[in-house]
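Asks: Before anything else, here's the structure in question.
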Amino acid sequence: MGLIGEIALQFCQMALVVILAPAVVGLVRKMKARLQRRIGPPVLQPYRDLRRLFGKEVVLPENASWLFRVAPYAIFALTWVAVALVPTFRTGLLFSWCGDLIAIVALLGAARFLQALVALDTGTSFGGIGSSREVMIASLAEPAMIMVVFTVALAAGSSQLSTVADFMAHVGGLRVSFAMALVALIIVALAENARIPVDNPATHLELTMIHEAMLLEYSGRHLAMIEWATALKLLLYISVIGCIFFPFGLITTGGGGPLAYVLAIAAYLFKVIVASLLLASLETAIAKMRVFRVPNLTGIALMLGLLGTLLLFVSGGL
Amino acid sequence: MALLLSCVAGDLILSVLAVILSGWRYATPIVYGGTLVISAILSGIALFAVAQSPMSITLPLGLPWLGAHFRLDALAAAFLLIVNFGGAGVSLYALGYGRHEPEPGRVLPFYPVFLAAMNLVVIAADAYSFLLAWELMSLASWALVIARHRTNGNLRAGYIYLLMASAGTFALLFCFGLLAGAQGNYAFAAIRAHHLAPSLTGLALALALIGAGSKAGLVPFHVWLPLAHPAAPSHVSALMSGVMTKVAIYAFIRIVFDLMGPPQWWWSVAPLLLGGATAALGVLYALMETDIKRILAYSTIENVGIIFIAIGLALAFKASGLAGAAALALTAALFHVLNHMLFKSVLFFGAGTLIVSTGTRDIEKLGGLINRLPYSSAAVLAASIAISALPPFNGFASEWLVFQSILVSPQLPQMGLKLIVPGVGVLLALAAALAAACFVRAFGITYLGRPRTPAAAAAREVDRWSLAAMLGLAALCLFVGLFPGLAIDWLQPVASAMVSGRMPPQSSIAWLSIVPVSASRSSYNGLLLFGFMVAAATIAAAMVHRFASRAVRIAPFWDCGYPNLGPQVQYSATSLSQPIRRVFGSVTFGAHETVDMPAPEDPRPAKLVRTIRDPVWDFLYAPIAVFIDRAAGLLNHIQFLTIRVYLAMVFVALVALLTVLALWG
């Protein structure tokens, strides 16, 4: 396939994730509602919300600086680039080598850095509370994520996500280390996406809130960009878990015909739906933790990640 | 070489000139302008000297029969660039900042000496010149630390600095003594040829760690650093943090990689563990502080830890004959040295502008400065992102290389190291995440939100020289982050000289990516990622502005419907780090809070007291102080003996020394 085709595929990947992301949020909400015997909003409701938000005027707080206005676009762009590097339906996309898993983690870190900063920009106490808790949770979740990266990268001999996915699809196999890494990655995903048990994405104005507290002063198109970025981040973690631990259906290097692409995208959609269902049932089944219990949870993720890495050496045959 | 030495002499002449001129109003621009020119020339020399064959010169100074040896090889040239590029940036900044100095006569004479001494340390090629320059560097910086001796606590900072610096120099002195052997030829060439008995290498390594580590700020020898760096004027703080700690790292690399001969694998354990502890503890200390310069000083300690982790990895790889991996780790260390010089200078410059424009270093009293100091806040924001190791800035590129060298560690044959390295990796990842938290806090509380005091509300942007230095270095942070391959390739001669291996030549890789080992293992392309981000943000912004409502209304902030309660309701630096203090600080520092809440109708104000104990002071230095006190008390008796007893003591000491010599020789 020529360069044009590769560029087109990369573009498809970027378009696919950005279009799909709000649907995932809608899907999780719908399933949660059904599990709680409510009807719930339609799956496509997040798109309507976004459209509504885009149509509204922006209410800027008086002392907001330029950073407050620039940050939503930057956060959106950082998250979008990060998710564009994750293989969804095919590994080895044109630009997949320009950042490995560590770079993806760092891109998300940069988005969070900006988010936590602009929460302080308005000079309100709620922004501060969100920012403060966000950095506390991230300070353990991010190292845990790095340890998961170590585990899979050491096994696959590369931190490049495409190579890792290729390795898992062809060589892989069952290992205790991978199981530990998977559990750690799920905990990290819950913490990073502000899901139950760490944070509740459905509430405002509770003293327990983290992520939503940082957005309180945002409105209109700025809020829409951040909401969209949040949805992208959720899709990113689902895609990462999918391509590392459940790489079936992925087109690996070499490519295939049009039918293969249809099947691969179908497999990807299937994975996303299953992940949403699992997330919805998890969020329905368990309660939110107290804020200062969260470090225990993320600490467990960190330890699991480290144990996974160390077990690789002990179990031999690296 | 002659040009190099005359530049250094020029610095020394400038300092004499500064003594003569002090009091004249043009003294400040002359001295800083002069050092700026000299440092710029020296950076130019260093830039080209890396790839060339070593040059050396011997001057008839110093010890008889030894002379003063100077040599400019790849390693020296790399650090010569760090010293002088940092020096040039600081001089440029000081052209503006120096005007606010209340007593320039206390700063100007020592500043060029400090620069000259650091240059001499880097190019010295015998132990005598090295230690002489090292002491000169310590003394000049000590004089600068106590330049403002009337400010509370600065004299104590200077005292502790002097103590630690002397102890460190002693350690280095003994280390060189061991390395030179009983015959005692102190030229580096002779030391290199002399092979140390294997039983003594551990001792030499420990002495090098104490000597160089105490100057670099390695935990637990770091206690002077957070006192001394903030006490100095801000441009000197930048020099001490960004450059002098790097000279100490130079000393460690020089001794361990160059002078000590082929390494053993267990040498790497101490740098790895101490580096990991330093990285994590340094940033935790920083999160407990509210004085901006102390935050920055502790963050320097963190970065020194990261560099030592990379150096430890390089040692381990070199000992196991993995030349390529060793080159990767050493390049990562040197690259981080360069990057830290760039962004830490900007951050200290930013602290200086805060002091000039608001008169305080306490970030709890600031806020909202992004609207009042637009240019310096932009530079500090860029440097904060860079130091938090976030793409696309330079800090991420070098930390990424450190992570990649951890990922090749399974090739090491020693099981012990294989298990230690991932543990150190956890500490490194923890440090990186906490550094981001630390700079969210430092930048957010200082520059964002609403001004907490009238001084912060009245702040004005600073002069053009300072801004030029800050914005220039911040732009370089971005440039190096986008083209890290240039820096890596530039550092290759150093890696080949020290570990006789090299990374793949980065300039030959398509699309200006960097690859640590081979393209299939991993690669990173800062430029392309940045292009992606800009494109994505532009597309998003363009689409939004094309199709979405463009109406903007400025209104009071909402804050959940509460009326304006004044800027004191904002989160403060202390409250922002409260969760982290609770999670990490309670274990590490024994941090706890006591709340004194008066009963209803009691008009007493409520009080929240937090206490933090420094374990290093409590468990290491306090016992040493007690021991020295007791020993001094016991030795006091010696003062009142008869002359016969004194003569007997001299005799016994002589016999003991001769016995040692006979056994050792």
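Glycine residues also receive a Cβ, built from the backbone N, Cα and C atoms like all the rest.
As listed in TrEMBL for this protein:
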TRANSMEM  A:7-28  transmembrane segment
TRANSMEM  A:66-86  transmembrane segment
TRANSMEM  A:92-114  transmembrane segment
TRANSMEM  A:135-155  transmembrane segment
TRANSMEM  A:167-191  transmembrane segment
TRANSMEM  A:234-253  transmembrane segment
TRANSMEM  A:259-282  transmembrane segment
TRANSMEM  A:294-314  transmembrane segment
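Relative to the rest of the structure, where do these features sit?
Replies: With a cut-off of 8 Å between Cβ atoms, the residues of this chain six or more beyond the transmembrane segment (A:92-114) that come close are 3, 6-7, 9-10, 13, 67, 71, 74-75, 78-79, 81-82, 84-86, 134, 138, 142, 145-146, 149, 152-153, 158-162, 164, 166, 192, 229, 233, 236, 240, 252-253.
Through the fold, the transmembrane segment (A:135-155) approaches residues 100-102, 105, 109, 112, 116, 164, 167-168, 175, 177-178, 180-181, 184-185, 187-188, 191-192, 198, 210, 244, 294-295, 298-299, 301-302, 304-306, 308-309, 312, 318 of its own chain, all at least 6 residues removed from its boundaries and within a Cβ separation under 8 Å.
Long-range contacts of the transmembrane segment (A:294-314) within the same chain, counting only residues at least 6 positions beyond its ends with a Cβ under 8 Å from a Cβ of the stretch, are 136-137, 140-141, 143-148, 150-151, 154-155, 175-178, 180-181, 183-185, 187-188, 191, 197-198.
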Asks: Mind checking which residues reach the transmembrane segment (A:234-253)? Cβ under 8 Å, same chain, six or more beyond either end.
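Replies: Apart from its flanks, the transmembrane segment (A:234-253) reaches 17, 20-21, 24-25, 28, 79, 82-83, 86-92, 101, 104, 108, 152, 161-162, 164-166, 168-170, 172, 178, 182, 185-186, 188-189, 192-193, 260-261, 263-264, 266-268, 270-272, 275-276.
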